[in-house]
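Report on the following structure.
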Amino acid sequence: PSTVAPSGPQALSRRKPPPSSSPGASREDRTEPSRKSPTVDYPFWQQNWFIGLLFLMAMGFLGFALFLFLSLDLDQGSTSSASAASSSSTSQNVEITYGTVLKLMHEKTKFRLHSHDVPYGSGSGQQSVTGFPNVDDSNSYWELLVITRIIVISESIKLNSSLILREVEIEIVRPEPDTSAKQGDTIPSGTIIRLQHMRTRKWLHSHLHASPISGNLEVSCFGAESESDTGDYWRLIIEGSGKTWKQDQKIRLQHVDTGGYLHSHDKKYARIAGGQQEVCGVREKRADNVWLAAEGVYLPITE
(Lines of atoms letter the chains of each structure in order from A and count residues from 1; the text may use other names and numbers.)
(Lines give C-alpha, C1' and ligand atoms only; values in the text may rest on other atoms or scores of the structure.)
Protein backbone atom coordinates (compact mmCIF):
# COMPACT_ATOMS: atom_id res chain seq x y z
CA PRO A 1 0.00 0.00 0.00
CA SER A 2 1.35 3.47 -0.77
CA THR A 3 2.21 5.68 2.06
CA VAL A 4 1.10 9.26 1.93
CA ALA A 5 2.96 11.84 3.91
CA PRO A 6 0.78 13.29 6.55
CA SER A 7 -0.20 16.78 6.06
CA GLY A 8 -1.64 19.41 8.22
CA PRO A 9 -0.63 20.73 11.55
CA GLN A 10 0.98 17.47 12.67
CA ALA A 11 3.29 17.36 9.77
CA LEU A 12 4.33 20.87 10.39
CA SER A 13 5.01 20.10 14.02
CA ARG A 14 7.43 17.32 13.16
CA ARG A 15 9.83 19.59 11.23
CA LYS A 16 12.66 20.88 13.34
CA PRO A 17 13.52 24.49 12.76
CA PRO A 18 17.26 25.27 12.16
CA PRO A 19 19.09 26.13 15.27
CA SER A 20 18.98 29.81 15.79
CA SER A 21 21.71 31.59 17.54
CA SER A 22 21.04 34.45 19.80
CA PRO A 23 22.49 37.91 18.96
CA GLY A 24 24.72 37.83 22.02
CA ALA A 25 26.28 34.51 21.13
CA SER A 26 26.93 35.66 17.62
CA ARG A 27 28.85 38.68 18.82
CA GLU A 28 30.92 36.49 21.14
CA ASP A 29 31.74 34.12 18.34
CA ARG A 30 32.84 36.95 16.09
CA THR A 31 34.95 38.73 18.60
CA GLU A 32 36.64 35.72 20.13
CA PRO A 33 39.26 35.17 17.39
CA SER A 34 40.28 38.84 17.30
CA ARG A 35 41.30 39.02 20.94
CA LYS A 36 45.02 40.14 21.32
CA SER A 37 47.57 39.02 23.87
CA PRO A 38 48.54 41.69 26.39
CA THR A 39 51.44 44.05 25.26
CA VAL A 40 54.86 43.56 26.97
CA ASP A 41 57.24 46.56 27.55
CA TYR A 42 60.77 45.43 26.48
CA PRO A 43 63.83 47.54 27.42
CA PHE A 44 65.14 50.00 24.84
CA TRP A 45 68.29 47.99 24.09
CA GLN A 46 66.20 44.90 23.31
CA GLN A 47 63.88 46.84 21.02
CA ASN A 48 66.81 48.51 19.17
CA TRP A 49 69.58 45.89 19.46
CA PHE A 50 70.66 46.30 15.85
CA ILE A 51 71.30 50.04 16.27
CA GLY A 52 73.27 49.33 19.43
CA LEU A 53 75.35 46.71 17.65
CA LEU A 54 76.21 49.17 14.87
CA PHE A 55 77.16 51.81 17.44
CA LEU A 56 79.47 49.39 19.27
CA MET A 57 81.13 48.37 15.98
CA ALA A 58 81.69 52.01 15.02
CA MET A 59 83.26 52.77 18.40
CA GLY A 60 85.53 49.74 18.02
CA PHE A 61 86.71 50.81 14.59
CA LEU A 62 87.31 54.35 15.82
CA GLY A 63 89.40 53.14 18.74
CA PHE A 64 91.44 50.82 16.51
CA ALA A 65 92.11 53.63 13.99
CA LEU A 66 93.20 55.97 16.79
CA PHE A 67 95.56 53.30 18.13
CA LEU A 68 97.13 52.76 14.71
CA PHE A 69 97.54 56.51 14.15
CA LEU A 70 99.27 57.08 17.46
CA SER A 71 101.55 54.05 17.12
CA LEU A 72 102.60 54.92 13.56
CA ASP A 73 103.18 58.55 14.49
CA LEU A 74 105.39 57.54 17.37
CA ASP A 75 107.33 55.11 15.19
CA GLN A 76 107.80 57.73 12.49
CA GLY A 77 108.90 60.35 15.00
CA SER A 78 111.43 58.03 16.56
CA THR A 79 112.70 56.95 13.14
CA SER A 80 113.05 60.51 11.88
CA SER A 81 114.82 61.63 15.03
CA ALA A 82 117.13 58.64 14.81
CA SER A 83 117.87 59.30 11.15
CA ALA A 84 118.43 63.00 11.85
CA ALA A 85 120.86 62.13 14.62
CA SER A 86 122.55 59.62 12.36
CA SER A 87 122.86 62.09 9.48
CA SER A 88 124.21 64.82 11.73
CA SER A 89 126.78 62.47 13.22
CA THR A 90 127.68 61.15 9.77
CA SER A 91 128.01 64.59 8.16
CA GLN A 92 130.65 65.53 10.73
CA ASN A 93 132.99 62.92 9.26
CA VAL A 94 132.21 63.23 5.54
CA GLU A 95 135.22 64.55 3.65
CA ILE A 96 134.70 66.63 0.51
CA THR A 97 136.90 65.09 -2.17
CA TYR A 98 137.97 65.89 -5.70
CA GLY A 99 135.26 64.83 -8.17
CA THR A 100 132.41 65.26 -5.68
CA VAL A 101 129.13 66.60 -7.09
CA LEU A 102 127.33 68.73 -4.53
CA LYS A 103 125.10 71.69 -3.78
CA LEU A 104 126.43 74.71 -1.91
CA MET A 105 124.02 76.18 0.63
CA HIS A 106 124.22 79.82 1.66
CA GLU A 107 124.60 79.57 5.43
CA LYS A 108 122.44 82.57 6.32
CA THR A 109 119.49 82.28 3.90
CA LYS A 110 119.64 78.49 3.20
CA PHE A 111 119.35 79.12 -0.57
CA ARG A 112 121.38 76.88 -2.93
CA LEU A 113 123.97 78.18 -5.39
CA HIS A 114 122.19 77.87 -8.74
CA SER A 115 122.59 78.58 -12.43
CA HIS A 116 120.48 78.13 -15.57
CA ASP A 117 120.68 78.94 -19.26
CA VAL A 118 119.45 82.52 -18.79
CA PRO A 119 121.92 85.36 -19.51
CA TYR A 120 122.23 88.56 -17.52
CA GLY A 121 120.47 91.51 -19.14
CA SER A 122 123.32 93.80 -18.12
CA GLY A 123 127.03 93.60 -17.30
CA SER A 124 128.81 90.74 -19.06
CA GLY A 125 125.68 89.17 -20.54
CA GLN A 126 127.02 85.77 -19.47
CA GLN A 127 124.96 82.98 -17.94
CA SER A 128 123.40 84.15 -14.68
CA VAL A 129 124.08 82.68 -11.23
CA THR A 130 121.49 82.99 -8.45
CA GLY A 131 120.43 81.61 -5.10
CA PHE A 132 117.57 79.12 -5.40
CA PRO A 133 115.08 78.45 -2.56
CA ASN A 134 114.07 74.83 -3.33
CA VAL A 135 116.18 71.85 -2.36
CA ASP A 136 115.06 69.47 -5.13
CA ASP A 137 116.45 71.29 -8.16
CA SER A 138 118.91 69.74 -10.61
CA ASN A 139 120.30 73.14 -11.69
CA SER A 140 122.02 73.53 -8.32
CA TYR A 141 124.60 70.74 -8.72
CA TRP A 142 128.29 71.60 -9.13
CA GLU A 143 131.31 69.37 -9.64
CA LEU A 144 134.54 70.11 -7.79
CA LEU A 145 137.70 70.25 -9.87
CA VAL A 146 140.84 70.93 -7.90
CA ILE A 147 143.80 73.13 -8.85
CA THR A 148 146.70 72.65 -6.47
CA ARG A 149 149.78 73.52 -8.50
CA ILE A 150 150.88 77.13 -8.42
CA ILE A 151 153.46 78.28 -10.96
CA VAL A 152 155.50 81.27 -9.82
CA ILE A 153 157.26 83.13 -12.62
CA SER A 154 159.88 85.65 -11.70
CA GLU A 155 160.24 88.50 -14.15
CA SER A 156 162.64 91.39 -14.09
CA ILE A 157 161.46 94.83 -15.17
CA LYS A 158 163.40 98.06 -15.37
CA LEU A 159 162.04 101.18 -13.74
CA ASN A 160 163.54 104.28 -15.34
CA SER A 161 163.39 107.55 -13.53
CA SER A 162 165.33 110.78 -13.74
CA LEU A 163 167.40 109.82 -10.71
CA ILE A 164 167.97 106.09 -10.84
CA LEU A 165 167.77 103.16 -13.15
CA ARG A 166 167.04 99.98 -11.26
CA GLU A 167 165.81 96.49 -11.87
CA VAL A 168 162.92 95.10 -9.82
CA GLU A 169 161.91 91.46 -9.70
CA ILE A 170 158.20 90.75 -9.32
CA GLU A 171 156.31 87.50 -8.92
CA ILE A 172 153.39 86.54 -11.12
CA VAL A 173 151.20 83.83 -9.57
CA ARG A 174 149.47 81.64 -12.15
CA PRO A 175 147.31 78.79 -10.88
CA GLU A 176 147.11 75.93 -13.33
CA PRO A 177 145.31 72.59 -13.33
CA ASP A 178 147.31 69.94 -11.57
CA THR A 179 147.38 66.65 -13.48
CA SER A 180 148.36 64.77 -10.31
CA ALA A 181 145.03 65.57 -8.62
CA LYS A 182 142.68 62.60 -8.83
CA GLN A 183 139.21 61.60 -7.74
CA GLY A 184 138.95 60.91 -4.04
CA ASP A 185 141.72 63.29 -2.93
CA THR A 186 140.84 65.43 0.07
CA ILE A 187 140.82 69.21 -0.32
CA PRO A 188 142.93 71.20 2.17
CA SER A 189 142.15 74.77 3.14
CA GLY A 190 143.83 77.18 0.74
CA THR A 191 143.35 74.94 -2.30
CA ILE A 192 142.32 76.64 -5.52
CA ILE A 193 139.31 74.93 -7.07
CA ARG A 194 136.95 75.27 -10.00
CA LEU A 195 133.20 74.60 -9.81
CA GLN A 196 131.58 73.26 -12.98
CA HIS A 197 127.83 73.60 -13.38
CA MET A 198 126.56 70.09 -14.08
CA ARG A 199 123.63 70.98 -16.35
CA THR A 200 125.31 73.53 -18.66
CA ARG A 201 128.99 72.45 -18.17
CA LYS A 202 130.10 76.05 -17.62
CA TRP A 203 132.40 77.29 -14.85
CA LEU A 204 131.56 79.45 -11.83
CA HIS A 205 133.18 82.74 -12.81
CA SER A 206 133.63 86.31 -11.63
CA HIS A 207 135.10 89.57 -12.96
CA LEU A 208 134.86 93.35 -12.55
CA HIS A 209 131.40 93.78 -14.11
CA ALA A 210 128.80 95.12 -11.67
CA SER A 211 126.15 92.72 -10.33
CA PRO A 212 122.56 93.60 -11.38
CA ILE A 213 120.96 94.38 -7.99
CA SER A 214 123.64 95.46 -5.50
CA GLY A 215 126.35 96.70 -7.89
CA ASN A 216 128.99 94.38 -6.37
CA LEU A 217 131.19 92.05 -8.42
CA GLU A 218 129.15 90.05 -10.91
CA VAL A 219 129.24 86.24 -10.56
CA SER A 220 128.36 84.31 -13.70
CA CYS A 221 128.90 81.00 -15.50
CA PHE A 222 131.44 81.06 -18.30
CA GLY A 223 133.27 78.86 -20.81
CA ALA A 224 132.91 75.17 -21.61
CA GLU A 225 134.65 71.85 -21.02
CA SER A 226 137.84 72.96 -22.77
CA GLU A 227 137.41 76.71 -22.29
CA SER A 228 138.45 78.12 -18.94
CA ASP A 229 140.59 80.93 -17.58
CA THR A 230 141.74 82.33 -14.26
CA GLY A 231 138.37 84.00 -13.77
CA ASP A 232 137.11 80.50 -12.90
CA TYR A 233 139.54 80.02 -9.99
CA TRP A 234 138.33 80.16 -6.38
CA ARG A 235 140.39 79.69 -3.23
CA LEU A 236 138.85 77.48 -0.53
CA ILE A 237 139.01 79.02 2.95
CA ILE A 238 137.80 76.81 5.80
CA GLU A 239 136.39 78.64 8.81
CA GLY A 240 137.66 77.36 12.16
CA SER A 241 140.39 74.84 12.86
CA GLY A 242 139.67 72.30 10.13
CA LYS A 243 142.53 71.48 7.78
CA THR A 244 140.57 69.63 5.07
CA TRP A 245 137.06 70.36 3.80
CA LYS A 246 134.31 68.39 5.53
CA GLN A 247 130.57 68.53 4.99
CA ASP A 248 129.64 70.26 8.24
CA GLN A 249 132.33 72.97 8.01
CA LYS A 250 131.63 76.57 7.12
CA ILE A 251 133.68 77.77 4.18
CA ARG A 252 134.34 80.86 2.07
CA LEU A 253 135.26 80.90 -1.60
CA GLN A 254 137.56 83.78 -2.54
CA HIS A 255 137.90 84.66 -6.21
CA VAL A 256 141.57 84.60 -7.23
CA ASP A 257 141.51 87.39 -9.82
CA THR A 258 139.35 89.98 -8.02
CA GLY A 259 139.79 88.98 -4.37
CA GLY A 260 136.00 89.01 -3.92
CA TYR A 261 134.25 86.45 -1.71
CA LEU A 262 131.30 84.47 -3.09
CA HIS A 263 128.38 86.28 -1.50
CA SER A 264 124.58 86.30 -1.37
CA HIS A 265 121.83 88.13 0.50
CA ASP A 266 118.03 88.34 0.70
CA LYS A 267 117.63 90.76 -2.23
CA LYS A 268 115.66 88.92 -4.91
CA TYR A 269 115.04 89.24 -8.62
CA ALA A 270 111.51 90.26 -9.62
CA ARG A 271 111.13 89.19 -13.26
CA ILE A 272 113.53 86.89 -15.12
CA ALA A 273 114.46 84.83 -12.04
CA GLY A 274 111.54 85.77 -9.81
CA GLY A 275 111.97 84.65 -6.20
CA GLN A 276 115.67 83.83 -6.67
CA GLN A 277 118.22 85.94 -4.82
CA GLU A 278 121.32 87.65 -6.11
CA VAL A 279 124.73 85.97 -5.92
CA CYS A 280 127.70 88.32 -6.26
CA GLY A 281 131.22 88.93 -5.01
CA VAL A 282 132.33 91.32 -2.24
CA ARG A 283 135.89 92.07 -1.21
CA GLU A 284 135.24 92.10 2.54
CA LYS A 285 134.68 89.14 4.83
CA ARG A 286 131.04 89.24 5.91
CA ALA A 287 128.53 86.91 7.51
CA ASP A 288 126.76 86.72 4.15
CA ASN A 289 129.67 85.04 2.35
CA VAL A 290 129.70 81.79 4.34
CA TRP A 291 128.61 78.55 2.62
CA LEU A 292 128.06 74.89 3.55
CA ALA A 293 128.21 71.66 1.54
CA ALA A 294 124.66 70.32 1.29
CA GLU A 295 123.13 67.54 -0.86
CA GLY A 296 125.37 65.70 -3.27
CA VAL A 297 127.27 62.60 -4.36
CA TYR A 298 130.32 62.39 -2.12
CA LEU A 299 133.16 60.23 -3.38
CA PRO A 300 135.10 58.23 -0.80
CA ILE A 301 138.68 59.09 0.03
CA THR A 302 141.26 57.42 -2.20
CA GLU A 303 143.97 55.80 -0.09
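Glycine is treated like the rest: Cβ placed from N, Cα and C.
The compositional bias 'Basic and acidic residues' annotation in TrEMBL covers 26-35.
Under the heading domain 'MIR', TrEMBL lists 93-147 (among others).
Annotated domain 'MIR' per TrEMBL: 184-239 (among others), in sequence order. The DSSP breakdown of the domain 'MIR' (184-239), given as helix, strand and coil counts, is 3 helix, 29 strand, 24 coil.
Within the domain 'MIR' (242-296), the DSSP-based counts of helix, strand and coil residues read 3 helix, 27 strand, 25 coil. Feature annotation from TrEMBL assigns domain 'MIR' to 242-296 (among others).
Here TrEMBL flags 1-38 as region 'Disordered'.
The transmembrane segment annotation in TrEMBL covers 49-70.
Under DSSP, the residues of the domain 'MIR' (93-147) split into helix, strand and coil as follows: 3 helix, 28 strand, 24 coil.
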